[in-house]
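Written out below as structure tokens is the structure these notes cover.
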Amino acid sequence: MTDISTGVQLKPGIGDGTVYNGNMSKDTLVNCSPDPENPEKGQASSPRTQISVDDNEESTTEYPSSWKLAMIMISLCLAVFCLALDTTIMATAIPKIADQFNSLNDVGWYGSAYLLTTSALTLSFGKLYSFYSIKWVYLQALGMFEIGSLICGATPNSLGLIIGRAIAGSGSAGIYSGSMLIVARSAPLERRPLLTGILGGLFGVASVVGPLIGGAFTDNLSWRWCFYINLPLGAVTGLFLILFFDGAKATTQRATIRDQLSQLDLLGSLCFLPAIICVLLALQWGGTTYPWHDGRIIALFTVFGVLLLAFAGVQWWRQEKATVPPRLIANRNVWGAALFSFCLNASFIIFTYYLPMWFQSIKGVTATQSGIMNLPMVLAVVIFSIISGGLVGALGYYTPFMVIAPLIAAIGAGLLSTLRMDSNNASWIGYQILYGVGVGCGLQQPIVAVQGSLAPADLPTGTVIVMFMQTIGGAIFMSVGQNVFQNQLMRNLATQAPSVDAARVLQAGATMLRKTVSSDLLPAALRAYNSAITEAFYVAVAMAVLALPGALVMQWISVKGRQL
């Protein structure tokens, strides 16, 4: 079969709606082609149905040697470490940055600029990875991230820092999903769960140690090193990939410039990018900077809704040339994995941000100590990401881990929501471990699922859809958690400690709470703070539970080539 738009020869099952298990036994595909007369076809309604065709692409694929794969994994680990570090390293540096630039009003934009561009551009990188060389698109994304980091480190003012964060976020949009695609091009399917588990575990570690490293740089060197650290690590990543990763040839090598622009779905991007920016700004400003009924918040949500409908219409119209082809969204493995990623990461991000806050405010520890006390959850996530990845490779099936992960995580999250001022060490350590086991078992399985059920030509788009949902889930529920916490804290202080200045408590933050409130009012203020944080934990419990439906719709496809 020939792709008319590019003139590139495609094998059966590649780009024709067939869902492909990249490491199935020879010549075996799962037929998920759309059938207009029976919508259930294309969803692989019978998980035992198999169709034999002549396709041995996986068996003829040449993967890098073991030592080359090791070098590639080192480079990807460094890139993912930098990426995760950049999301949290500023937490302890912001006070000194605000003091140096006299920019307290800009503090919110230091995180938002990075988050907005990352979320808005993630899907666009899916098209780039689909039609151009994965290696060179990835290196360009890495270059953008490095340029943004350099600007942040060298900037003389607050505006430069915001611009640098936006540029770095643009690059980060393609790094994590690109790392997963490089793994897919570098190892057979049965080895990918372990490798993606390593990357996912490292991401969790870097997210939590970020504030610790940021504090060390800020106190002993300069806050600028929070960004300069990315430069040598990124350089090593780029060098290793150039030397050891061959990459894939661009599928547009025979296409004209006009055809390439058509494939990039510029109209869809023009609808989607501002839509994401609108909803994230509305969630960040709503209930904090402006009340929810403010005209600006209502306008942002309205524009988001209109643009989202327009984007959906463009995707339906463009079909295979769309950023998100409807054929893939109709595939239950894709939308199930996307829903699972959205919900589980939404739950995880709330605990990543608010559990250290509980330690700092209720237990009265420093930011560094809170990071250490958060290690039980982090280590559990890392260890069980790797263990579950290894077990998937050995047993063949990822679906059982996707089913048990939200159940364990929901139990752990529920127990964490019971934390009180007098909770002992055994409680908060044990609850964290249980929750971390659940998250670790499930966090990377959606990537394995889409890579095990889609044709090679669909891997970039499928992977990026899942990564986008994971990113946007964290972005949205970071704001949701903040709103729940702040609104509940204001109500609690009004009823339990009415003489405490609530606005001053919010501005002081968790570490300064005990210095802001007088000793006679401190117990009541701490009770109000504890209740507000655990209210945010309830949101995390709900999202962990909501991840389960995404797991239940997944096919039982084996990465070892068997299907139940």
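Glycine is treated like the rest: Cβ placed from N, Cα and C.
Feature annotation from Swiss-Prot assigns compositional bias 'Polar residues' to 43-53. Swiss-Prot lists Asn23, Asn220, Asn425 with the feature N-linked glycosylation site. What Swiss-Prot lists as region 'Disordered' is 26-59. Taken from Swiss-Prot, the feature transmembrane segment applies to 69-89, 106-126, 143-163, 197-217, 225-245, 266-286, 297-317, 339-359, 375-395, 396-416, 461-481, 537-557, supported by sequence analysis.
If one looks beyond the transmembrane segment (69-89) by at least 6 residues along the same chain, the residues whose Cβ comes under 8 Å of a Cβ in the stretch are 63, 114, 142, 145, 149, 168, 172, 175-176, 179, 182-183, 186-187, 195, 198-199, 202-211, 213-214, 217, 226-227, 229-230, 233-234, 236-241, 243-245, 352.
Across the structure, Asn220 (N-linked glycosylation site) and Asn425 (N-linked glycosylation site) place their CA atoms 31 angstrom apart. Residues 108, 112, 115-116, 119-121, 123-124, 292, 294, 296-297, 300-301, 303-304, 307-308, 310-311, 314-315, 318, 322-324, 472, 475-476, 479-480, 483 of the same chain, all 6+ positions outside the transmembrane segment (266-286), place their C-beta atoms under 8 angstroms from a C-beta of that stretch.
Asn220 (N-linked glycosylation site) counts 8 other C-beta atoms within 10 Å of its own C-beta, drawing on all protein chains shown. Contacts between the transmembrane segment (537-557) and the transmembrane segment (297-317): absent, as fewer than 3 C-beta pairs lie under 8 angstroms at sequence separation of six or more. Highlighted: of the candidate stretches 225-245, 375-395, 396-416, 461-481, 461-481 has the greatest count of Cβ pairs under 8 Å to the transmembrane segment (339-359). Scored by C-beta pairs under 8 angstroms, the transmembrane segment (106-126) has its highest count with 461-481, from the stretches 197-217, 225-245, 375-395, 396-416, 461-481. Between the transmembrane segment (143-163) and the stretches 197-217, 225-245, 297-317, 375-395, 396-416, the greatest number of Cβ pairs separated by less than 8 Å involves 225-245. Between the transmembrane segment (225-245) and the transmembrane segment (197-217) there are 3 or more Cβ pairs closer than 8 Å, counting only residues 6 or more apart in sequence, so the two stretches are in contact.
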